[in-house]
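> Before anything else, here's the structure in question.
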Amino acid sequence: MKFVPCLLLVTLSCLGTLGQAPRQKQGSTGEEFHFQTGGRDSCTMRPSSLGQGAGEVWLRVDCRNTDQTYWCEYRGQPSMCQAFAADPKPYWNQALQELRRLHHACQGAPVLRPSVCREAGPQAHMQQVTSSLKGSPEPNQQPEAGTPSLRPKATVKLTEATQLGKDSMEELGKAKPTTRPTAKPTQPGPRPGGNEEAKKKAWEHCWKPFQALCAFLISFFRG
């Protein structure tokens with residue numbers, strides 16, 4: 001009779017052992033990694049498998065700072081690397097170091113290449129596939145095409161001044177030459193001796209205010 005309770009106890013112990021889930025390796029998918037970037041953004045990195053046997057892994061990075069929160073996602077097949085298959089922890093730690101050196105974790109590293117799997121090929125690396133920071137303006141962005149510049153206006157003014165100068169030169173070239181009026185020959189005036197005589201006559205016979213007129217008339221009629 002004692003055999004039956006012992007058999008039941010052994011059976012229950014075996015069932016309890018089978019019901020326990022296997023312990024996950026440290027650094028495998030499902031674990032969270034907390035870190036801080038060079039710009040002091042607080043971030044969390046979460047790797048997750050797409051399914052058993054798929055071999056494809058998604059890596060989610062969520063960050064926040066005093067001004068904003070942002071995120072990005074990476075995709076790859078690190079299981080193709082033998083070092084990752086043996087122990088995934090060094091792979092994720094090296095990916096974490098790459099993100100930690102950035103000012104913003106989702107900008108500046110489109111591909112994560114952990115050194116333990118660098119020779120395994122591009123499929124074993126983590127490629128960034130989406131980010132909330134995509135399309136954000138860069139610091140040294142060029143001015144928009146609609147922004148007017150001052151140089152074309154100066155060029156237009158210079159061109160207009162040049163054209164006005166050309167038009168003025170053409171008008172001067174077409175202008176008719178001006179002819180100077182020919183001087184008419186002057187008639188010979190009365191002789192000096194006649195003038196003196198006319199003045200003398202006018203002084204003798206004319207009233208003082210009209211002496212000049214009288215002298216002129218006397219000289220004119222005497223020729």
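Cβ atoms are placed via backbone N, Cα and C, with glycine included.
What Swiss-Prot lists as signal peptide is 1-19, and the listing cites sequence analysis. Residues or ranges marked as region 'Disordered' by Swiss-Prot: 23-45, 120-201. Taken from Swiss-Prot, the feature disulfide bond covers C43-C63, C72-C106, C81-C117, C206-C214. For 125-144, the entry in Swiss-Prot reads compositional bias 'Polar residues'. Annotation source Swiss-Prot lists compositional bias 'Low complexity' at 175-186.
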> Just counting, how many other CB atoms are there within 10 A of the CB of C72 (disulfide bond)?
24
> I'd like to confirm something. Which of the disulfide-bonded residues, C63, C81, C106, has a Cα closest to the Cα of C214 (disulfide bond)?
C106
> Could you state the CA-to-CA distance between C81 (disulfide bond) and C43 (disulfide bond) to the nearest Å?
26
> Within 10 Å of C106 (disulfide bond), Cα to Cα, which of the disulfide-bonded residues C63, C117, C206 are there?
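Checking each Cα against C106 (disulfide bond), the hits are C63.
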> Going by Cα-Cα distance, which of the disulfide-bonded residues (C72, C117, C206) sits nearest to C43 (disulfide bond)?
C72
> Helix, strand or coil for C117 (disulfide bond)? Use DSSP.
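In three-state terms, C117 (disulfide bond) counts as helix.
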> Would you list, in sequence order, the disulfide-bonded residues among C63, C117, C206 whose CA lies within 10 Å of the CA of C72 (disulfide bond)?
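Within 10 Å of C72 (disulfide bond): C63.
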> Just checking, which of C106, C117, C214 (disulfide-bonded residues) has the fewest C-beta atoms within 10 Å of its C-beta?
C214
> Give me the count of other Cβ atoms within 10 A of the Cβ belonging to C206 (disulfide bond).
16
> What does the structure give for the C-alpha distance between C117 (disulfide bond) and C63 (disulfide bond)? Integer Å is fine.
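Cα-Cα, rounded: 26 Å.
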> Give the distance between the Cα atoms of C206 (disulfide bond) and C63 (disulfide bond), rounded to the nearest whole Å.
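Spelling it out, the Cα of C206 (disulfide bond) and the Cα of C63 (disulfide bond) are 126 Å apart.
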